[in-house]
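If you check TrEMBL, you get these features:
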{"type": "TRANSMEM", "residues": "6-34", "note": "transmembrane segment"}
{"type": "TRANSMEM", "residues": "46-64", "note": "transmembrane segment"}
{"type": "TRANSMEM", "residues": "84-103", "note": "transmembrane segment"}
{"type": "TRANSMEM", "residues": "195-219", "note": "transmembrane segment"}
{"type": "TRANSMEM", "residues": "239-265", "note": "transmembrane segment"}
{"type": "TRANSMEM", "residues": "301-319", "note": "transmembrane segment"}
{"type": "TRANSMEM", "residues": "331-353", "note": "transmembrane segment"}
{"type": "TRANSMEM", "residues": "386-403", "note": "transmembrane segment"}
{"type": "TRANSMEM", "residues": "423-456", "note": "transmembrane segment"}
{"type": "TRANSMEM", "residues": "468-488", "note": "transmembrane segment"}
{"type": "TRANSMEM", "residues": "508-528", "note": "transmembrane segment"}
Amino acid sequence: QEGRCLYVILLMALYWCTEALPLAVTALLPIVLFSFRGIAPFCPQYFLDTNFLFLSGLIMASAIEEWNLHRRIALRVLMLVGVQPARLILGMMLTTSFLSMWLSNTASTAMMLPIANAILKSLFGEKDTSKDMNRGNEENQASLQQNKLYTVPTEMQFLASTEDKDLTEEKEVASDAPSDLKKEEEYKTNIWKGFLISIPYAASIGGTATLTGTAPNLILLGQLKSYFPECDVVNFGSWFMFAFPLMLIFLLLGWLWISILYGGIDLRGWRMKKSNIRVDAEARAREVIKEDYQKLGPIKFAEQAIFFFFCMFALMLFSRDPKFIPGWASFFAPGFISDAVTGITIVIILFFFPSQKPSFRWWFDLKAPNTETQPLLTWRKAQETVPWNIILLLGGGFAMAKGCEESGLSVWIGGRLHPLEGVPPPVAVILITIVIALFTEFASNTATIIIFLPVLAELAIRLKVNPLYLMIPGTIGCSYAFMLPVSTPPNSIAFSSGHLMVKDMARTGLLMNLMGVLLLSLAMNTWAKSIFQLGTFPAWANIHAENATSLLTAVENVTLSAL
């Protein structure tokens with residue numbers, strides 16, 4: 001049984017890493033292989049509570065994008081932080097990370113890069129790019145007419161813009177310009193790189209702050225329910241209290257590192273007066289941001305409604321069971337109200353709440369037309385924008401974990417971890433985070449955490465530490481992929497702009513990875529201990545350990561009798 005399950009897992013890991021099959025199709029393999037090979041019957045792992053929590057987050061994100069609320073928030077933040085390069089980079093990172101807490105990392109990056117592109121061109125001039133901007137506007141005309149909304153250029157239109165022309169113009173200017181203009185060109189190039197590289201990094205960091213922010217967080221929650229059904233310390237509120245401060249600290253240090261490395265903060269020229277070129281460029285950038293914000297027009301009733309339901313979504317998830325005080329779920333029967341129930345309750349309202357301000361006079365006016373009111377979100381729009389393949393991917397991960405448990409493979413792996421029993425737990429946290437952060441540079445974050453979590457759970461039982469002490473760093477470490485363009489889709493989008501080189505990402509991402517490992521270790525040994533009760537070996541893990549020991553004894557007896 002263990003060997004059969006291991007074969008299926010290795011096959012799925014190979015397909016996930018090489019993408020020989022689409023990721024979602026590979027995630028369906030347990031339905032077939034586990035059943036035909038007698039490992040486990042078809043189980044409802046593809047429709048767990050966790051999947052519906054993730055689905056509610058995706059539907060909420062779809063409604064936010066439908067009414068351009070994310071763009072209004074982004075431009076408003078940029079207007080508040082100022083137009084100096086270091087402040088703009090901070091504004092970009094704060095906005096991207098906030099959006100990434102609720103939208104997907106890829107969508108947040110694709111939305112922010114065109115805004116960054118427009119600001120950079122206003123900062124450093126734009127000679128012959130007006131034709132390309134007009135061409136991009138023509139390509140967007142159909143969607144403008146269809147949605148009657150101001151839309152941002154898509155990531156493909158952004159990546160297809162005239163970087164090659166800009167680079168050629170930069171070289172021509174640099175060859176004939178005086179030394180001060182050459183310095184301005186170097187400054188321009190560095191700031192451009194700093195802008196582009198900060199956005200995907202902020203998206204990866206921001207996704208760790210909420211359970212619904214990225215798929216690995218939800219895979220952790222689902223596998224905890226599979227391996228340790230009695231574990232109830234991880235929910236939306238407890239995760240947010242742990243991960244949000246970590247995200248803020250990492251974001252601030254990452255901003256300082258990127259700003260210093262790419263000239264946004266010049267330590268040597270801190271007190272020097274800015275040149276007239278830079279002053280004029282900052283004024284142009286301020287006008288571009290203000291103009292883009294004005295194009296959105298006055299805030300609509302639909303945007304106000306979406307913002308209200310979004311705040312309700314976050315507040316109700318956070319206050320359902322915050323652990324340090326009784327949550328509102330305590331007023332209902334225990335075990336019935338989960339994070340998924342809360343999220344689905346809010347998003348269902350989006351499908352019938354009107355997008356235009358209702359008139360109460362309609363009820364008393366017999367001659368009023370009986371016209372249909374468009375809701376905040378239509379099912380057709382949800383079908384088009386929700387990435388349904390991620391739901392299957394999550395289900396495949398949960399099915400794999402269930403197969404490991406049913407077949408005894410996780411126990412078998414735990415029995416081979418004797419050499420690691422002498423490793424101090426704090427050292428184990430650092431080693432695990434480093435190994436997973438390096439592995440995820442070359443493989444999908446989701447595939448990485450699906451493969452590693454069962455091993456980490458068994459290792460924690462062998463070390464007699466709280467399983468969360470090893471599983472949480474492994475989960476967050478999956479999102480710390482900063483060094484290569486292929487590491488994450490946001491990295492690939494930024495790299496494809498043509499202004500970044502692999503060495504730029506490698507030298508910036510190396511220190512980002514190191515900072516992430518150290519900050520995560522600090523968090524796990526400080527405030528996480530009180531939030532998740534990491535100082536003791538919990539009863540819910542002890543029950544699993546006892547079951548695993550009895551199962552391991554049975555496996556050894558079967559093996560000996562066979563011999």
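Residue 1 is the first one shown; counting continues down the chain.
Note that Cβ sites are derived from N, Cα and C of the backbone, with glycine treated the same way.
With a cut-off of 8 Å on Cβ pairs spaced 6 or more residues apart, the transmembrane segment (423-456) and the transmembrane segment (84-103) reach fewer than 3 such pairs and are scored as not touching. Below 8 A, the CB atoms of the transmembrane segment (508-528) and the transmembrane segment (84-103) form no more than two pairs separated by six or more positions in the chain, fewer than 3 in all. When Cβ distances are compared across the two stretches, the transmembrane segment (195-219) makes contact with the transmembrane segment (386-403), since 3 or more pairs at least 6 residues apart fall below 8 angstroms. Under the criterion of 3 or more C-beta pairs below 8 Å, with sequence separation of 6 or more, the transmembrane segment (331-353) and the transmembrane segment (386-403) do not qualify as touching, having fewer than 3 such pairs. Residues 105, 200-201, 204-205, 207-208, 214, 216-217, 219-220, 223-224, 231, 233-234, 242-243, 246, 425, 428-429, 432-434, 436-437, 440-442, 445-446, 448-449, 452-453, 456-457, 459-460, 494-496, 500, 502, 505-506, 508-510, 512-513, 516-517, 520-521, 524, 528, 532, 534 of the same chain lie 6 or more positions beyond the ends of the transmembrane segment (468-488) yet place their CB under 8 Å from a CB of it.
Of the candidate ranges 239-265, 301-319, 386-403, 386-403 contributes the most Cβ pairs within a distance under 8 Å of the transmembrane segment (46-64).
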